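S.K.: According to TrEMBL, the record shows the following:
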- Asn233, Met262, Tyr291, His327, Ser347, Arg348, Gly349, Asp388, Gly389, Leu390, Arg391, Glu427, Tyr454: substrate binding site (BINDING)
- His431, His495: Zn(2+) binding site (BINDING)
- Cys575, Cys578, Cys583: [4Fe-4S] cluster binding site (BINDING)
- 24-101: domain 'ThiC-associated' (DOMAIN)
- 1-20: region 'Disordered' (REGION)
Amino acid sequence: MSTTLKNAAHLSESAQVDSGSVQPFTRSQKIYVQGSRPDIRVPMREITLDVTPTDFGGEINAPVTVYDTSGPYTDPNVIIDVRKGLADVRSPWIDSRNDTERLAGLSSNFGQQRLSDAELTALRFAHVRNPRRAKAGANVSQMHYARQGIITAEMEYVAIRENMKLQEARAAGLLTQQHAGHSFGASIPKEITAEFVREEIARGRAIIPANINHVELEPMIIGRNFLVKINGNIGNSALGSSIEEEVAKLTWGIRWGSDTVMDLSTGKHIHETREWIIRNSPVPIGTVPIYQALEKVGGAAEDLTWELFRDTLIEQAEQGVDYFTIHAGVLLRYVPLTAKRVTGIVSRGGSIMAKWCLAHHQENFLYTHFEDICEIMKAYDVSFSLGDGLRPGSIADANDAAQFGELETLGELTKIAWKHDVQTMIEGPGHVPMQLIKENMDKQLECCDEAPFYTLGPLTTDIAPGYDHITSGIGAAMIGWFGCAMLCYVTPKEHLGLPNKDDVKTGIITYKIAAHAADLAKGHPGAQIRDNALSKARFEFRWEDQFNLGLDPDTARSYHDETLPKDSAKVAHFCSMCGPKFCSMKITQEVREYAANQRIEAVDVDVAKGLAEQAERFKQEGSQLYKKV
């Protein structure tokens, strides 16, 4: 639906949820794990499995619990109405801390202007709450609470969420085998407790992005000692996309596993679009505030001011944005270092601030006002995502002086943020060949004292336009293994155009694979449960279980049914790849059956018996090496 002001129906009356986002997954149910208080109910998805066929012993297979980012959208017991937004999850937790106050209305100048503009009524989300802010002198960040020794409801919530009923899974025999990992110095415990979460946040090694004005949020955690997370980007541009389309991208993305979503809108109605997204999002929302600030000055970077940017930060913080990308490390002295690059400065935020610095020949105002920004962040618990404005945009530019100079500055800024108890993560590249990826991770850990790393890929080669989800997925798996905490997805449309829903799904699934592969390699507790269950289902020809345990059941089922569409094929002991006579797993089962019938208990005994039979036959036929036929 178009949201041009001339012909738009009121979105508050007409907006509908994307139907594809609210369908429960096949053979899955939404479950909630209870915390220490009644209002801590942690959502997970439980996949019900079929009984093992009698040929394999008729074993009952325990359900598998998986991490669920889809929010209430896949709960059939919840009525979804995007016009009203999601239910308030966190207000009782925030109220109980007694360190915030409800404002009489929006305090940002721009927010007040938008609210008073009658022409925007058709686009406006109708159920806006008055924002909260920390009381005078208070700090409401999760890091501040953690450093006071307080375990918040949010910390308990994410501890339960990260464990995914691990103890029950072990008791059910779902983790009889897990390979030892190699974690490159990470401190991953056998079980995630609320106290461990508190310690990691206090230390700065993890963040819970959770603005006090995003009360619809289901808290999650980002850190190298936790599950690797992924981010999906949405947002309109000057060339198109409506508010309703962006909300649909949000709900579609979290269905497939996006742990956070960044709204990178640069087109019309950025304020209104963001309100709709946050009110309907169960996952943290991040933004790049400089994009909206630039739109406010008509695209002229040299006209940006600290006062306008400050108002933009407050505007977005009052809406509930959970983390801001701030390009405070793009310093005037670093800009000349990019002159001989193949691709120069490729970050939009980085190029905006570089242009401002050169136009005024002054230091980046985000850097000079960084402590002022910290005061805003801790009043709303907005997390820093310190932007890598000088990241390499080609593998030729990887690991150069500009990139690493900025990284060192981001390390300095991290320590300033921590002085204010502001949660902080660091953004990283970019385009990096495989042999240089670990150097990026090691240098980030050194410069930024283990603050969570959040990277775009990295892309490992530049030769595959249209397939950059693959070129970057390779790098993402590697850097996730080395210690990166969150991976920003790349879609097939990277460098080519604005992604649609299908592109969003492809990017997310690609990055869920990369993140999970990294969790396996790190040895995260319980990471192998789903792999073990799917492998067992595959060997036992439980086709429906194979589909349902996968990251994308719809595509798996579709590929299978292209060649074997009948229901009878769902119980067949083969697929169309090898057919009924050459299926390796079917042959293995026949070998096992033969061994069992011959009362041969061990595979090595079976092999020895077969070799002896062949040797005797060779002798009986004259011991001839070659025979005429």
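Yeah, the Cβs are placed from backbone N, Cα and C, and that goes for glycine too.
Nobody curates TrEMBL annotations by hand; they come from automatic prediction.
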S.K.: Reported as an integer number of Å, what is the Cα distance between Ser347 (substrate binding site) and His431 (Zn(2+) binding site)?
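M.R.: Here the two Cα atoms are 12 Å apart.
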S.K.: Of all the binding-site residues given, Tyr291, Tyr454, which residue's CB has the most CB neighbours within 10 A?
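M.R.: Result for the most crowded candidate: Tyr454.
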S.K.: What whole-number Å value do you get for the CA-CA distance of Tyr454 (substrate binding site) and His431 (Zn(2+) binding site)?
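M.R.: That comes out at 14 Å between the alpha carbons.
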S.K.: Between His495 (Zn(2+) binding site) and Asn233 (substrate binding site), how many Å separate their Cα atoms?
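M.R.: For His495 (Zn(2+) binding site) versus Asn233 (substrate binding site), the Cα atoms are 14 Å apart.
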S.K.: For Gly349 (substrate binding site), which residues of its chain lie six or more apart in sequence with Cβ-Cβ distance below 8 Å?
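M.R.: Gly349 (substrate binding site) has long-range Cβ partners Val288, Ile290, Tyr291, Thr325, His327, Val330, Gly387, Gly389.
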S.K.: Around the Cβ of His431 (Zn(2+) binding site), how many other Cβ atoms lie within 10 Å? Please give the count over every shown protein chain.
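M.R.: The answer is 26 other Cβ atoms.
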S.K.: Provide the three-state DSSP residue tally for the domain 'ThiC-associated' (24-101): helix first, then strand, then coil.
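M.R.: Computed counts for the domain 'ThiC-associated' (24-101) are 14 helix, 19 strand, 45 coil.
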S.K.: What is the interatomic distance between the Cα atoms of Arg391 (substrate binding site) and His431 (Zn(2+) binding site), given in whole Å?
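M.R.: On Cα coordinates alone, these residues lie 8 Å apart.
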S.K.: By Cβ count within 10 Å, point out the most packed of the binding-site residues listed: Arg391, His495.
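M.R.: Sorting the candidates by Cβ neighbours within 10 Å, the top entry is Arg391.
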S.K.: I'd like the Cβ neighbour count for Ser347 (substrate binding site), meaning other Cβ atoms within 10 Å of its Cβ, all protein chains included.
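M.R.: A 10 Å sphere around the Cβ of Ser347 (substrate binding site) contains 24 other Cβ atoms.
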S.K.: For Tyr454 (substrate binding site), which DSSP three-state class applies?
M.R.: strand
S.K.: To the nearest whole angstrom, state the Cα distance for the pair His431 (Zn(2+) binding site) and Asn233 (substrate binding site).
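M.R.: His431 (Zn(2+) binding site) and Asn233 (substrate binding site) have their Cα atoms 18 Å apart.
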S.K.: Highest Cβ count within 10 Å among the binding-site residues Asn233, Gly389: which residue is it?
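M.R.: Selected residue: Gly389.
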S.K.: Mind looking up the mean pLDDT for the domain 'ThiC-associated' (24-101) in the predicted model?
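M.R.: Looking only at the domain 'ThiC-associated' (24-101), pLDDT averages out to 96.
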